[in-house]
Structure formats: C-alpha cells, structure tokens
Amino acid sequence: MACILKRKSVIAVSFIAAFLFLLVVRLVNEVNFPLLLNCFGQPGTKWIPFSYTYRRPLRTHYGYINVKTQEPLQLDCDLCAIVSNSGQMVGQKVGNEIDRSSCIWRMNNAPTKGYEEDVGRMTMIRVVSHTSVPLLLKNPDYFFKEANTTIYVIWGPFRNMRKDGNGIVYNMLKKTVGIYPNAQIYVTTEKRMSYCDGVFKKETGKDRVQSGSYLSTGWFTFLLAMDACYGIHVYGMINDTYCKTEGYRKVPYHYYEQGRDECDEYFLHEHAPYGGHRFITEKKVFAKWAKKHRIIFTHPNWTLS
C-alpha cells in the first residue's frame, strides 16, 4: 500500500512539474523570446509564438471609418512590421525579413518600388497624414490601383476631414474611392483624434495644442498598431538620444529622397515654437510603451533601460 501511495505521489508531482514547465515555456516563447533572439542578432520576425497557429477573430476599431461603406475598420495582426521612412533604412537589406511579417505598416507616401531590398515589397496598412494625401494623389494608380489590397488610414483635423462637403481632404478621398472602387480608405474619427491628443497629454504632461505642436504620423501608427497587433517590430526608427550619440550615422530624413539631415530635422521640430512635431518627445514615449507591450526596435537597436 505504501508503494502504491508513493507511486501516486510521484506521478502527481511529475504532472504538476510538467504543467508548470509547459506554462513557463509558453510565457517565455510569447513574451520574451523575440527580444532574446534580437539580442543575439536574430530577427524577431522569424519567431512564431505558439498562439500564432490559429487565427483570432478580426478586431473592430470604431475610431476608423471606411469612406465608401461607412463601416468601422476590422483588423487583427500577429507580428507587425512598422517600417520607418527614415534614411536609416538605406543599405539595411532587410526587405525579405520585413515581407515575412504578417502585417506590414508604412507611413505617408513612402514607396517600395526601387527600395525593395532594404524596405520590402508588401504593404498591408499605410497610415497617412492629411497633408500627405495630395502626395498619394500625384501617383494614384500606384497607391490605389496596383496596391488596392492595402488598407489606408488617414488622420487629420476636423476642418479637413468633415463630411458636410467642406472637408477638403475628405472630399479628395471620397472622389478617390469613386475612381478606384476597390480602394480601402479609412478616416480617423474626431473622437479618435481627441483620444490621441489625450494620450499625448497623459504621457508628456503637455497639452498638444497649447504646446504649439502637431502629432506625427508615427504617433497615430503606434496607437493603432498597439490595438491591432500581437507584437510589433519597428525598423529604422531612432530613439530620443540617438542624435546626441558620438559618431551617429548621418542620413537623410527620408530614405527615398535627398533632404535635410535626419537629426537636424528632429532638433528643428522639437524646438519649434509653433507647428512642429515633437519627434524626440514622442520617441521617449515609444520607449516607455515598449516596456509594456511586445515592441522591439532594430536598425538601429534600442536599449530600453
């Protein structure tokens, strides 16, 4: 009898130990292992967590409304790649790695043609500023015909996005979906815009309007991506201290055009009394979010203290 009880105890302990081991493996796999891979020079996009083997239902994002159908955005991604427009992307040769991500995010009018080796070919979501819509319309066939599987999320102030016929940007978008009926164009609601302003104030302690600044497209991209993505890999984005680092890599502000040095642009906007983007301040916030969410930054790598 004693032997039987001893054997049952051993089996019970073994079962509990095996269960705890599997639980730990799952947690390490889904939360920390992509970061470990990145530390050892392995791209996190190659790691597929256990939970990726099934598809979750699409999430509904009520702050983004389809121009044609007036339906809210439905989007749910596993591992997202957010590709920066920065000149840091030049020569990185991570295009194939980026294209293996389940959802690939780009911003404004950043092209892929001619830059595939560095930034990839595919685009699933493109977040666009109201000021960049005219840039898309300079090459509408490329953005809305050839790339008609891309979801476009447009953000802008109410005066430009109003639907009563007086919203100049909204009118452009409405005309575009008339010409390209398969284009998937969503606009950010006024309520969502206010929410994004509120997040800025909460994170920085500053009122966005009173501080004389505008949120960047990167800010709107992050807020949607954190709602839609299981994990996020950001390519080519510099952190808030990069431009003060000795011997930093000097690159153009955009990878696809010659222009002002990236760091010069950052400093100009950060200290502009009115009408600037607080790029450096935003990067501090992104680093804070990365400690709470599954977000990694590479090319260059970020060290999160």
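Cβ atoms here come from the backbone N, Cα and C positions, even for glycine.
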Of the listed cysteines Cys3, Cys39, Cys80, which one does Swiss-Prot record as disulfide-linked to Cys229?
-> Cys80
Across the topological domain 'Cytoplasmic' (1-8) the predicted model averages a pLDDT of 50
Among Cys80, Asn148, Cys229, Asn239, which are recorded as recorded positions, the nearest neighbour of Asn301 (N-linked glycosylation site) by Cα = Asn239
Quick note, Asn148 (N-linked glycosylation site): same-chain residues at least 6 apart with CB under 8 Å of its CB -> Tyr180, Asn182, Ala183, Gln184
Identify, in sequence order, the residues in the chain of Asn239 (N-linked glycosylation site) that are 6 or more apart from it along the sequence and have a CB within less than 8 Å of its CB; answer 'none' if there are none.
-> Lys283, Phe286, Ala287, Phe297, Pro300, Trp302
